[in-house]
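**Q** Quick one: structure below, then a few questions.
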Amino acid sequence: EDPSLERHFKGHRDAVTSVDFSRAKKQLVSGSMDSCLMIWNMKPQMRAYRFLGHKDAVLCVQFSPSGHLVASGSRDKTVRLWIPSVKGESTVFKAHTATVRSVHFSSDGQSLVTASDDKTIKVWTVHRQKFLFSLNQHINWVRCARFSPDGRLIVSSSDDKTVKLWDKTSRECIHSFCEHGGFVNHVDFHPSGNCIAAGGTDSTVKLWDVRMNRLLQHYQGNSVVNSLSFHPSGNYLVTASSDSTLKILDLLEGRLLYTLHGHQGPATCVAFSRDGELFASGGSDEQVMVWKTNFDADYGDVVKPQKYSSSVDGTHGTGVEMDCGIHNKKTKTQDSVRTHEQQEEETSLANTLEHIVGQLDVLTQTVSILEQRLTLTEDKLKECLETQQKIIQNKTN
């Protein structure tokens, strides 16, 4: 089945700049050039909330992983954290010295990364809204910054035509991808964390392996790519372009799967829901659209990742191995043969695996908190030793 338009939200008074689903898909948040955030309820009878607070265009919005907070960045140089309820209370922090283009929570919800026209990327603690550090190697506006799924890396894209990969712990730039022919509007990590996709004004989408720093796939479009989002299965990518279309790329086959026409004017933003069943798009036509994915009804199945060789767009024709945890999908014929028991077994297996993954997530978070504490203790110890050293030196002098 093809993707289909499910819902249509009207309420913004200027171009929509950013969209994101809450975890349970109950709510959708959008930001707009009209300086407002709107929280749309997916249940038809529930009304939308309009959040006022920013003094200028809102350029980016995102739900925290738990769904209890929404972060927004604005041309007013601030970042706000909102509680997505009727009251719409928010705290504001002076984040940058210029427009804030991008906000993104780490997957444990503890950190926030922001990117700005002041050419910097900043990392903050969410709960205290305390500034931690800056990354400053871009030489032009930074359009987008994202944490890797495990939170160890940060990827950023800029009008200096580079995509940079940073190590969060050492705060160093590990690699610069300089192959883009224009400004890089958007970048994100593949769900496996092993590769990144970037799109921009040169009308291309490029996928790189971040372990080998090599180009995996290259899709040549015919219009500026404003935004992109990976399907949670990792097998598909959706893009929003200035020619008003949304395009769905099949990463296994290395080809364009669908072109969707819905917006009247540039499509500015696009995002899959966390389970991949829906995706939302926004445009300069002030509209927010919600689409039913439909095209991969059996992506819930647990399938072994396989190496997949795909030919990169017709012009290159070089075989490229797409091995970044991308799953091969089953054919429909196999599905129809599956017995009821097999399906039940698979469901319970999937549930067990999900539970294990959940437990692992908790462990990972615990370990990362312990690591942070350890670092703090080490720093304190170092300080103590240095102080002691000074005291001894003063005494000997």
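We number each residue from 1, going along the chain as drawn.
Glycine is treated like the rest: Cβ placed from N, Cα and C.
So TrEMBL says this about it:
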- 9-50: repeat 'WD' (REPEAT)
- 51-82: repeat 'WD' (REPEAT)
- 93-134: repeat 'WD' (REPEAT)
- 135-176: repeat 'WD' (REPEAT)
- 177-218: repeat 'WD' (REPEAT)
- 225-259: repeat 'WD' (REPEAT)
- 260-292: repeat 'WD' (REPEAT)
**Q** With the repeat 'WD' (51-82) as the reference, which stretch in 93-134, 135-176, 177-218, 225-259, 260-292 has the largest tally of C-beta pairs below 8 Å?
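**A** Per the Cβ count, the answer is 93-134.
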**Q** Summarise the repeat 'WD' (135-176) as counts of helix, strand and coil residues per DSSP.
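**A** Looking at the repeat 'WD' (135-176) with DSSP, the answer is 0 helix, 23 strand, 19 coil.
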**Q** Against which stretches of its own chain does the repeat 'WD' (260-292) lie, if we need a Cβ under 8 Å and a gap of at least six residues from its ends?
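**A** The answer is 3-10, 12-21, 23, 25, 28, 30, 32, 38, 40, 42, 224, 226-233, 238-248, 299.
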**Q** Tally of helix, strand and coil residues over the repeat 'WD' (225-259) according to DSSP?
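**A** Computed counts for the repeat 'WD' (225-259) are 0 helix, 23 strand, 12 coil.
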**Q** Give the mean pLDDT for the repeat 'WD' (135-176) on the 0 to 100 scale.
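**A** Within the repeat 'WD' (135-176), the model's average pLDDT equals 93.
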**Q** Tally of helix, strand and coil residues over the repeat 'WD' (93-134) according to DSSP?
**A** 0 helix, 23 strand, 19 coil
**Q** Per DSSP, what is the residue tally for the repeat 'WD' (51-82) in helix, strand and coil?
**A** 0 helix, 17 strand, 15 coil
